[in-house]
Structure formats: C-alpha cells, structure tokens
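Down below is the structure, laid out as structure tokens.
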Amino acid sequence: MAERAAQEELVRLQGERVRGLKQQKASAEQIEEEVAKLLKLKAQLGPDEGKQKFVLKTPKETLTGKYGEDSKLIYDLKDQGGELLSLRYDLTVPFARYLAMNKLTNIKRYHIAKVYRRDNPAMTRGRYREFYQCDFDIAGQFDPMIPDAECLKIMCEILSSLQIGDFLVKVNDRRILDGMFAICGVPDSKFRTICSSVDKLDKVSWEEVKNEMVGEKGLAPEVADRIGDYVQQHGGVSLVEQLLQDPELSQNKQALEGLGDLKLLFEYLTLFGIADKISFDLSLARGLDYYTGVIYEAVLLQTPVRAGEEPLGVGSVAAGGRYDGLVGMFDPKGRKVPCVGLSIGVERIFSIVEQRLEALEEKVRTTETQVLVASAQKKLLEERLRLVSELWDAGIKAELLYKKNPKLLNQLQYCEEAGIPLVAIIGEQELKDGVIKLRSVASRDEVDVRREDLVEEIKRRTSQPFCIC
C-alpha cells in the first residue's frame with residue numbers, strides 16, 4: 001500500500017508539472033516529453049482493483065435507459081470514433097447529470113433550450129422534431145410535497161398569464177400506479193410497458209388500450225379489466241380519500257405512500273388557491289421511466305372560440321413530476337438528490353395562440369416595440385435619429401425605418417403589420433411648435449404632445465404588459 005501511495009504521489013506531481021508547462025506555454029517538444037513521462041508513471045501504477053472507476057463524460061451514452069418506450073424517439077448518432085451519441089431528448093436528464101458531475105445537492109433553476117424527438121410532426125398541434133422547452137426544477141432534500149406544490153403553482157401561473165384558455169392539471173403518483181398494477185396482477189417485469197399503454201388513454205379509448213395490453217403485451221384479459229376499473233376514475237381530494245379506504249389498494253405500501261402524499265399535496269394546493277385547477281386522474285401515467293412519485297400534466301380544455309364553432313385541436317401543454325432517483329444514476333457512488341420539476345412546450349403554446357387569433361381573425365403581435373418614430377416630410381432623418389435616441393435613453397422601446405426619406409404611408413403600414421401601437425410623427429410644423437404628433441395606430445387618432453412630455457405620455461398609453469395573445 002505504501003509503495004502504491006508513493007507511486008500515486010509521483011503521478012500527481014508529474015501531472016502538476018504538465019499542467020504548469022501548458023500554462024506557461026512551453027514548447028510542444030517539452031510538453032510532449034513530460035506527458036510521455038506521465039503516461040509511463042501511470043502505466044507503472046496500473047489499475048486499482050479495489051476501486052471501480054466511474055467517469056462522467058459529456059455527452060456520451062447519457063440518454064439511454066431513462067425514457068422507457070419513448071426511447072425510440074431519441075435521435076441516435078455515432079461520432080467518428082464509433083461512440084454512441086444522441087441529440088438531447090429533454091432538459092431533465094442533462095440537468096440530473098449536471099447535478100451529479102458538480103456534486104450539487106440543492107438548487108432551484110429554470111432553463112430554456114432546444115430538444116429533439118424522432119417523432120411524426122403535426123404542425124397544427126405544435127408537434128415538431130426540433131423544438132424549445134422551458135423547464136423549472138427544484139433539487140434538494142425538503143419536507144414532502146412543498147416543492148411539488150410550488151411547481152404546480154408556477155405551472156398554473158404561467159398558463160393563466162398566457163391567457164390561452166381554460167386548462168386542467170391532471171395529477172397522479174407513480175407509486176399509486178405501481179401499487180395498482182401489483183394488486184391487479186401485473187407481473188413486475190411488465191409494469192413500465194403497461195404504464196406506457198395507460199398513458200395513451202388521453203388519446204385513444206379504453207378498448208384500444210386494453211387491446212394493446214392483451215394483444216401486444218401479453219397481459220391477461222381479466223388483469224386488464226381490473227386495471228380499467230381504476231384508471232377510468234378521476235376527481236379531487238375526495239377520490240384520494242376514497243382510495244385510502246380501498247380494501248386492496250390501501251394494503252399496498254407504495255400506493256398508500258402515494259395516496260398520503262397526494263392528500264397532503266391537495267392541502268397545499270388549496271392554500272395556494274389552485275385546487276380548482278387540479279384533477280386526480282388515475283389514467284395519467286407519464287411514460288418516462290425516471291419518474292418516482294407525483295406526476296402531472298396540464299391540458300387545455302377544448303372549448304370553441306365562438307358559440308357553434310368546432311373546438312381547437314389542443315392537448316398537453318405542460319407536464320412534469322418527481323424524479324428522486326435520476327441524479328443517483330450519474331453519481332459514482334449512487335448518491336441520490338431528490339428533484340421535482342415541470343416542462344412547458346413553447347411551440348405548443350405558440351401554435352395554440354396562433355390558432356386562436358386566426359379563428360378570431362386577429363393579428364399576432366410580433367414585436368415589443370411601443371412606438372415608431374416617423375417623419376411626415378423628407379430630409380428629417382437627423383431629427384428622427386435624435387428623437388429615437390431620446391426615447392431609448394428613457395427606456396422606451398422605439399424604432400424607426402432604416403431609410404432616409406420613407407413615405408409616411410409606408411411607415412404607418414409597417415406599424416399595422418408589426419402591431420406597433422403608437423407612432424411619433426415629426427414634421428416641419430411640429431419642430432417649429434416644439435411638439436410631436438402622437439398617433440394611435442388602432443384608432444388613428446392624433447394629438448400634439450409637447451416634446452418634454454412625450455416619454456410620460458407613451459408610458460401612460462403602453463402601461464399594459466406585453467402579451468403574445
């Protein structure tokens with residue numbers, strides 16, 4: 001042992017020498033010579049049979065074994081060395097790997113980035129192969145259901161503020177599902193694959209799901225019927241209390257833990273004022289393998305835009321849950337970090353907003369610009385530049401057309417197309433009078449405003465927050 005320790009110290013010192021030479025930008029020949037010595041020392045040291053090496057690399061083989069049947073949607077690649085690589089499927093697994101690599105045990109964060117699914121695109125439903133997700137996660141050891149309730153509160157706040165219509169958040173717990181499968185007679189080896197079948201109940205009928213369970217996955221028909229008795233139930237905290245009295249389900253330890261946590265969760269959701277937006281739905285399964293506890297999914301309620309019209313094609317717009325074991329899969333010592341989070345489908349939201357506005361024959365506002373600085377005559381570029389600079393300095397979101405002498409009609413038309421609400425018009429007479437003509441694009445009303453009062457008048461008229469809808 002002492003001999004090995006001495007050899008390890010030589011390796012450490014030689015490694016520091018190599019790093020020092022690189023920092024000093026020594027010659028390539030000198031660095032190569034010292035690296036060769038380091039490799040020789042490492043070869044002499046040999047492997048430590050008592051230790052299991054676990055080295056996290058970015059990003060190889062990170063995604064496998066985390067998504068269950070959805071793994072078929074991962075874009076698999078190979079680099080030139082033949083190593084397995086994949087495009088990022090979601091933001092949750094990379095987040096868990098980041099926690100493990102950096103030994104983080106407590107963090108709250110959000111992340112917006114692209115992900116990729118080898119799926120059949122459906123443009124009208126906001127389903128793409130390359131799209132953005134917005135994730136929010138809380139990692140750390142906390143008392144039960146407090147972070148989970150906060151995630152659901154955030155999800156409801158986001159969907160309410162977007163004003164995309166009425167929505168419902170379905171909740172369930174993977175422990176309840178597993179307990180339900182156990183008492184119904186599902187073999188342990190089929191839990192996850194049957195879970196994936198149940199997860200399709202929001203898209204197809206129970207008969208179709210049952211046929212898949214029995215015909216494709218080999219489940220006994222009587223077992224499928226027992227599952228059907230449970231997964232077609234939904235309600236509120238009263239359903240939780242009812243299942244706590246179920247003679248079979250209440251005897252299963254996993255299910256009992258899940259039901260107890262859901263009862264506590266509903267108490268917190270009531271305090272947050274969102275319990276009316278939440279439904280305990282036993283058909284919610286969330287097919288991803290890494291979920292370990294509470295799971296949830298937000299769906300828009302399919303209401304017609306106008307009376308007598310067909311409802312818009314909508315579906316799940318946000319989802320998430322608890323994944324307490326995922327970080328441990330990346331940690332060399334298997335140390336777990338409890339996590340819970342949510343994910344918002346950005347393109348799905350945009351698709352719904354666009355459909356609603358199209359149905360209402362309204363235009364989509366594509367800019368946050370509050371005012372366009374325009375000119376009524378030629379040779380006023382300098383005045384436009386001077387005014388737009390004043391507005392920028394005052395925190396006003398302003399712009400101007402990049403032409404020396406644009407026609408007024410073209411400037412006004414640009415505002416209508418882009419959804420810019422105000423136009424600040426400079427003319428020769430306005431310059432003489434020390435005023436700016438402020439025009440409302442919607443009403444076409446115009447009023448002269450003294451230049452020193454312009455900023456306050458624009459702020460007053462645009463005080464409503466910007467909304468994509």
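Positions of Cβ are set from backbone N, Cα and C atoms, glycine also.
A TrEMBL annotation is a machine prediction, not a hand-curated record.
The annotation L-histidine binding site is assigned in TrEMBL to Asp90, Leu91, Thr92, Arg117, Gln133, Asp137, Arg286, Tyr290, Tyr291. In this view, Asp90 (L-histidine binding site) is surrounded by 21 other Cβ atoms within 10 Å of its Cβ, with every protein chain counted.
The coiled coil (350-377) scores a mean pLDDT of 84 in the predicted structure. According to TrEMBL, the feature coiled coil maps to 350-377.
Positions annotated as domain 'WHEP-TRS' by TrEMBL: 3-59.
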Hey, which of the binding-site residues Thr92, Gln133 is the loneliest by Cβ count within 10 Å?
Gln133
Considering each pair of residues in Asp90, Leu91, Thr92, Arg117, Gln133, Asp137, Arg286, Tyr290, Tyr291, all listed as binding L-histidine, report the largest CA to CA distance in Å, no decimals.
21
